[in-house]
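Colleague: My questions all concern the structure below.
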Amino acid sequence: MGCFGRTPKSNKRSDTKTTKNNDFTPKKLTVNANRDKLTQPSSDCLKVSICGDVSKEIVTKKDQLALDAKDTNVEDEVIVKKAQTFTFEELSVSTGNFKSDCFLGEGGFGKVYKGFIEKINQVVAIKQLDRNGAQGIREFVVEVLTLSLADHPNLVKLIGFCAEGVQRLLVYEYMPLGSLDNHLHDLPSGKNPLAWNTRMKIAAGAARGLEYLHDTMKPPVIYRDLKCSNILIDEGYHAKLSDFGLAKVGPRGSETHVSTRVMGTYGYCAPDYALTGQLTFKSDVYSFGVVLLELITGRKAYDNTRTRNHQSLVEWANPLFKDRKNFKKMVDPLLEGDYPVRGLYQALAIAAMCVQEQPSMRPVIADVVMALDHLASSKYDRSHRQKQDNVTETKVDEEKTLTTESNVCVEEKQEIKICSDQAT
């Protein structure tokens, strides 16, 4: 495709060829309207892995509800150092007892509210985890650990948490522009669509956050739940990854993958991971490719309101990737032609490589970042496009004029020849 430069550092992850497992077939991947996760962990027990092999514990669902902050047992008290602890009363007061006016949204693991905490003088987003789900407890532990160890401008900042009795709450920095999903899909009347430049900026920011998880975090982390609703937008359309409850420590040393239960969101899950349960860094790259396609096309990763062959974004796009003549048909119609054709071709080439069926054919995220940084820095100006169009139209007019003049000259020559013959 020619859009990927080579990174100076050797950071390519090795991937194994995946084979079908009889225990995991596509039939198990069903869409649940009430919850967008593909599968749920067993309600009998749950393995909570902290910082890879630092600490592992098996807890029953009943025991999980009794966990307190001290029970997370984090090495070197990293949580205490980097994340504040809040009482449930403090967070309740900050949201007006979680009143509806403060409600921001709801995800697979709980509800999110906007609040103001006086003791830190800051507006925050507070996620109250679902107390009835074993998944929510695991998410709480993993997310606190991941964000306590992470430090990157393209990852949402964890301010603190509350683990009091049966209550589990996470406190984040507040993102005033909501999620990417709010800006791409089902736009309310009068809301302007994202400009091309903004879309590429968001894509590059999300890719940088993913690159940090894969290549800088120690140990490296596989995000496992990259989707538009988990990309939050700060002022200036600065993208930040959020919701790390499904994150897993990636393969290390000679390992090529992590074997795990398949979890994620339908439409974003890599086919190799869905079939085998073998999770790799390339699984995240596939999910990123789906997000990039959403940014380019304006379509949802999975839309059951469309005809059967067009419900899956990747299945719809794959046949169109084969011929560049189709590329303009793929762009979001809300852009109304306001995009650079060359930039569109390059962005679609990147997306096409990311959603390759075989993980070995997908690029590493560092190469994706390099390509998208170039696209994001190439500012598109509509007036420049109009000038280009005017130049093209002028050339066409000139060619038509030259053709017409040439025809006139031929006709004049023929008339002269006829007159000459008659005179003779």
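Note that Cβ sites are derived from N, Cα and C of the backbone, with glycine treated the same way.
The feature region 'Disordered' is assigned by Swiss-Prot to 1-26. Residues or ranges marked as N-myristoyl glycine by Swiss-Prot: Gly2. What Swiss-Prot lists as S-palmitoyl cysteine is Cys3, and the listing cites similarity to another entry. As annotated by Swiss-Prot, phosphothreonine applies to Thr87, Thr260, Thr265, with the evidence given as similarity to another entry. As annotated by Swiss-Prot, domain 'Protein kinase' applies to 98-377. Among the features that Swiss-Prot reports, ATP binding site is placed at Leu104, Gly105, Glu106, Gly107, Gly108, Phe109, Gly110, Lys111, Val112, Lys127, with the record citing sequence analysis. What Swiss-Prot records for Tyr172, Tyr273 is phosphotyrosine. What Swiss-Prot lists as active site, proton acceptor is Asp225, and the listing cites sequence analysis. What Swiss-Prot lists as phosphoserine is Ser229, Ser259, and the listing cites similarity to another entry.
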Colleague: Taking only the recorded positions Leu104, Glu106, Gly110, Val112, Asp225, which one has a CA atom nearest to the CA atom of Tyr172 (phosphotyrosine)?
Modeller: Val112
Colleague: Leu104 (ATP binding site) to Ser259 (phosphoserine): how many Å between their Cα atoms?
Modeller: 35
Colleague: Using DSSP, would you call Ser229 (phosphoserine) helix, strand or coil?
Modeller: helix
Colleague: In sequence order, which residues at least six apart in the same chain have a CB under 8 Å from the CB of Thr260 (phosphothreonine)?
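Modeller: Listed in sequence order: Lys248, Gly277, Leu279.
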Colleague: Provide, as an integer number of angstrom, the distance between the C-alpha atoms of Ser259 (phosphoserine) and Val112 (ATP binding site).
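Modeller: With distance taken Cα to Cα, Val112 (ATP binding site) is 31 Å from Ser259 (phosphoserine).
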Colleague: Across all protein chains in the structure, which of the binding-site residues Leu104, Val112 has the highest Cβ count within 10 Å?
Modeller: Val112
Colleague: Comparing the modified residues Thr87, Ser229, Ser259, Thr265, which residue's C-beta has the most other C-beta atoms within 10 angstroms in this structure?
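Modeller: Highest number of other Cβ atoms within 10 Å: Thr265.
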Colleague: Averaged over the whole of the domain 'Protein kinase' (98-377), what is the pLDDT?
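Modeller: So the average pLDDT across the domain 'Protein kinase' (98-377) works out to 93.
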